[in-house]
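Comments concern the structure below.
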């Protein structure tokens, strides 16, 4: 396949081996990323700076704007119990959600990666919840979790278990939210599946020739080969966990007793319920920093555990490949 | 034996994912009186297919569908083109400030939307874009961090020898991208397209903020109209949800085999 | 390097000018008020509403009638539904709000709203005297009027006649007491059927609770709006709120879900709660769901007069509106007899309409009007501009009571935590 493209490309471009290249070579990467730079400057940077500025103001959406220096930040850390409550709820949620999300998505992807009949149907079934819009999702879950009338408890009662009123019980509400969020793992599963399919079969072959069992193969071939995918899913999961808002907003409203009062919801309420835009911007910048630091750490650590084939230095696979290539040619 | 276990697991999980949706469909089909029975009735005694038509006709949903299709198609096209260029730039070049810029790309994913919303609204208002479809389409043409990141990860897994060989032969970077990289990226581009279609199709906050006039509304805005300040029309919500889920579901069903089937034939095998 | 930067700058400049060019045309079209295909003379009036469904349809019909009566005018009805506050926040934040909008939260928004006294006093067409007395107080901040009443509701107790008949319990009658109410709730509770006497909201709007607190001779805040200690945490306030917490505890009431969950309305429709307390809003849907429903005035605390709370929706004009006179015409049209007759989702604000339609004779509606006469107290949010902050503490305290906390304790704490907002 690739060989043909390569071949075509050679023929097509032989004619224009241009001066242009040398002249534009230095700017080329910037030209490629230019669309993003432009979009960033125009649609993101401005609003972002604006939000940074207003975080130093008392900025009600209606009414008088006053400069108050660091007061928003000071109030947030020293004088607002809701800040700490919501931060703690979000950290708890992230600690549960991120690993579970990755394990479940990867597990499902591996199940689907087997040779099975009807895999298209199963894939679609696993992805189904991701197609449903938020408003309907919340209603579906409220019906699942309802204490007296929900299907979850109806199901449990068949086994003689009296389930709690999931969303009105502070012990269970956050767990219920985690489960509901995991239900929408479809995209992540799909990305894993694509990653798994990308692992060359010959790697498994040579591993099994070396006498590695299924479990060894999983840890020495599968996991290393999908580390770029894991990195992607890890980072996006962390971000998703910190930004979790829709479900809380539509399903629990942060309750009961603030047990699902996510940081994003706290921010949202400060902005749109209490109209304290400046304060909300300060909240947002703090969260932004936390996630940024987390991501940065994950990213830095990834140099130690993520394996990019494209970045690979000379090693045995190159040799093997050149051998194979030679044969094909 | 092992196969049996695989199938058993697949079926159990499928049921877990489908069961609640099954309820959504039956809710849409029930009569008013059966709606609130406890314990719930799984199968309605009378199948009221007319509920679908009633819900659809209660608002100009045909118009909403048209708006949604326009937004989805144009923004998906924009994402594909722009994100491919940008991801390639980040994956295949060494340049000053690359790592920093890429961190900025990642950082934009973490910006909470609630705070940039009002300034963004002001900006679009200044441009005269409020109550038009532009704020929902144009930014897509400048790439989105999630897809750039995703595509970059994919391009990084492609062996560099491919483009190096072509470069030695004198191919320009653009040629390499479009004749070597893009064909190999097919599955991941379809993945991006699917994700963008889904998120565009189901986007609620964007249309809510930027559109005012019902003639500009999207399907999700129409859907949210069944949820008022003082009450919820659960049946219509479920009926419309079922209906508007069909196109993205169909797209997914047809795209998925390219996404998962295609990757295996990428350039890794050389 | 320099070259690269200048290249990017150049490209950016080009792109920006392209964008603003195509934006500019859109902007012009917008500001000159031409709708698509509209003639050059057409003026577009933006009207924002939170209503949905049938109520929204009626509002669109009223808008069409207004257009017919005012040639050259187009009314753009903007239905924000559940996203109402967010849309207004964006609109006011960017100085691009709708001209006319539904409004109830005047303390929050009044600085962006046009004072209406001048219009109302000058305009005899409005016929202020025909409005129910007291409704105008809900649209005032200080002495300035910011909203014209368009609809309202009081709150009553709904009951499911079938469940009463099955249990052989006589229907409740106006003038009943909370002791009787609790007794009936006990009798109508049947755990085996998952049936309860009453439904208590897990997340109460404290606004709605004020009726009970007033009925017990207390309030959340002093009449001058300056003190909450001794009001919000008085023995009477705590008693009224504790009552509901106790009913959940002893099982005669069920906790009904928060925002998106199965609401008390739904469970009432399912015939699983015998009594439910609410405004006029769900009445139609109860009838549609086939519930044989009755309404009755709120119960009394022994020896004290029953008080009720009134929820009003008003129409306001944005300060930033460029066509205030036209906006006023629309507001006036919207609260005219003819328009009010068309609207059925809440109660008519004009006495003449009520008399004409004999609404107050209808047994289902009668308790609402009886409660109107008991709604003379001023709600807390109109008394103190910082009420929003205090309410945050109060709401948390009330929620805790419904989950089993002692009302007196948590209210004392809430008062302590709120004091600083009132200084």
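Keep in mind that glycine also has a Cβ here, set from the backbone N, Cα and C atoms.
TrEMBL lists A:87-298 with the feature domain 'ABC transmembrane type-1'. Annotated transmembrane segment per TrEMBL: A:30-57, A:83-112, A:124-144, A:174-196, A:217-242, A:248-268, A:280-299, in sequence order.
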Remote residues contacting the transmembrane segment (A:174-196) - C-beta distance under 8 A, at least 6 residues beyond either end: 89, 92-93, 96-97, 100-102, 104-106, 108-110, 112-113, 123, 126-131, 137, 141, 145, 166-167, 222, 225-226, 228-229, 232-233, 236-237, 244, 247-248, 251-252, 259-260
Intrachain neighbours beyond the transmembrane segment (A:30-57), with Cβ under 8 angstroms and 6 or more residues off its ends: 24, 65-70, 72-73, 277-279, 281-282, 284-285
Remote residues contacting the transmembrane segment (A:83-112) - C-beta distance under 8 A, at least 6 residues beyond either end: 76-77, 119, 122-123, 126, 174-175, 177-178, 181-182, 185, 188-193, 195-196, 222, 226, 230, 233-234, 237-238, 240-242, 244, 258-266, 283
Long-range Cβ neighbours of the transmembrane segment (A:248-268) (under 8 Å; 6 or more residues past either end): 82-83, 85-87, 89-90, 93, 134-135, 137-138, 141-142, 167-170, 173-174, 177, 180, 242, 280, 283-284, 287
